[in-house]
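Pulled the feature table from Swiss-Prot, pasting it below:
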- 93-230: coiled coil (COILED)
- 59-69: compositional bias 'Basic and acidic residues' (COMPBIAS)
- 59-78: region 'Disordered' (REGION)
- 230-242: region 'FIP200-binding' (REGION)
- 244-271: region 'Disordered' (REGION)
- 287-320: region 'Disordered' (REGION)
- 379-418: repeat 'WD 2' (REPEAT)
- 421-460: repeat 'WD 3' (REPEAT)
- 462-499: repeat 'WD 4' (REPEAT)
Amino acid sequence: MAAGCRGPACPSWRLHISRELRRRDREQRQVFEELISQYKRLLEKSDLQSVLADKLQAEKYEQQSRHDSSPGPDGMRNDMLLQDMAQMRIKHQEELTELHKKRGELAQTVIELNNQMQQKDKEIQANEEKIAKYLQTIQDLETECQDLRNKLQELERANQTLKDEYDALQITFTALEDKLRKTTEDNQELVSRWMAEKAQEANRLNAENEKDSKRRQARLQKELAEAAKEPLSFEHDDDIEVLNDNADPVGDSAGAQATGRNISKRNSQPAVGGLLDSITNIFGLSESPSLSHRSDSSRRRSLNSFPASPDCADTPGAGNREVRVPATAVYSFDAHDGEVNAVRFSPGSRLLATGGMDRRVKLWDVIGNKCEAKGSLTGSNAGITSIEFDSAGSYLLAASNDFASRIWTVDDYRLRHTLTGHSGKVLSAKFLLDNARIVSGSHDRTLKLWDLRSKVCIKTVFAGSSCNDIVCTEQCVMSGHFDKKIRFWDIRTECIVRELELQGRITALDLNPERTQLLSCSRDDLIKITDLRANAVQQTFSAPGFKCGSDWTRVIFSPDGSYVSAGSAEGTLYFWNVLTGKVERMFSKQHSSSINAVAWSPSGTHVVSVDKGSRGVLWSDF
């Protein structure tokens, strides 16, 4: 077997088994070789004793036979033979006893050796099993080693590949870094050019607005001059005497002369506002309604052309007027080319602003029970989402889907500021009470505080959720979010003062005139009033048909805080009584699509609602 396995094709495990068997044969043969040889000698002695015993037995029989056949005189000799035989028998008996004793000892030794051999055989069998197990383990380990060698080779190849890829990526990174640096430089150059072009475009828009303003003023002066040339008949009454408050009442003729001087002096003045006031007072009792209408319209245009916004003084005593729920729709108009998202009255109630998906803010004069288009504010690159006037009505702030907020002056339609910095669409922007700062909330889950003096963002607060609407007090900003929470922020510390969680996504917020109650609308189709002093929900409004149409559906308090108004998804306008919590009135025929926003004039005389279908409706109780 060993000779057959010495060739180069013989497996290593066969050689190992052959060597182990030869080693075991040597070790066990040396241990038992002497014992086996002694056992053989004892067997030979036993056989010899048997032969001797047989021989002696034969001799005994022969002696007896001879003794029986021998004659009498030989008796002495027979006695001697008998004695010899007895002695030999005793001797042989002793030898036989000793042999039996040795045989017993040898048998015991053989038994013990057999036991040892059996034990050794068991040990050999156990060792063979261990050897087989070890051989199997060795084979498994060799297989595992081979697998590990293969894996090591694969890892080395992969490592080499990764090194090559790393070198290639490093080269690519260096090239991209150079490209990025070059692109950054190009971008800076493009931004500079873009800013210059934007400045030129703004200057062009401002120039066009300036031309429009000059044309309007020239047309107004021409109309006023024509109106002043027309012959008029009037009596000396209180209106004429108003122009002569500084003249001495010496008589009718002196008064008439003073009046003539006053009129000529006013006609010679270049100030359009003073001339307009004089003409309006003079023709207050005119019999020409068309002239009166032109004069009135001209007066409105002239007043709205000043930054001080005399629109605020158009409705004296409006705050003392009792607010009533509108009774009917008095005027319907197409506000924009597409969806209308926002609507707001100016502080004087005479000017209405609407914002839509056509990227424009449109201004409307509310004259009687009509809305007349006055102009539009351009510059936004996406749909308008929110509109806000400052407290004087001179500036208009609009948030847009192009990640920016913009400020225009109302009198000349000029774009004054563009506030960029959000990374998502801006859903709400509001003036703080000082009108020098602005807060904007965006879909990027941040709120930003802007300083209009420095035209920069001075604070950014991460709210953690998309902001849908904002309202402000002196030192607190309240924001409504997509995660169903209303957060109260301290402007000075940028910290959340408290949170109020509702059952649906917040779509709109509004404050009552005393700023003690917070109105909120959510996507669970509930409108709630929260008492800011008690930090608890005070009143909940709902209706069987009311359903919030979108995440930016706006709700509003009435100017005196007695009523709440909101539009539904199916186009119904609702009015609730704050004290009773019940529906005061509802209108369902004017809108054919979801109402997005509602505005209540500060004078309390009009309400405007706008919807997704580009329609605006003017409501009144007259």
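Positions of Cβ are set from backbone N, Cα and C atoms, glycine also.
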So how many of the residues in the repeat 'WD 3' (421-460) end up helix, strand or coil by DSSP?
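Computed counts for the repeat 'WD 3' (421-460) are 0 helix, 23 strand, 17 coil.
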Would you mind splitting the repeat 'WD 4' (462-499) into helix, strand and coil residue counts from DSSP?
0 helix, 24 strand, 14 coil
Across the repeat 'WD 2' (379-418), what are the DSSP residue counts per state (helix, strand, coil)?
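Per-class counts: 0 helix, 22 strand, 18 coil.
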What mean pLDDT score does the coiled coil (93-230) have in the model?
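So the average pLDDT across the coiled coil (93-230) works out to 87.
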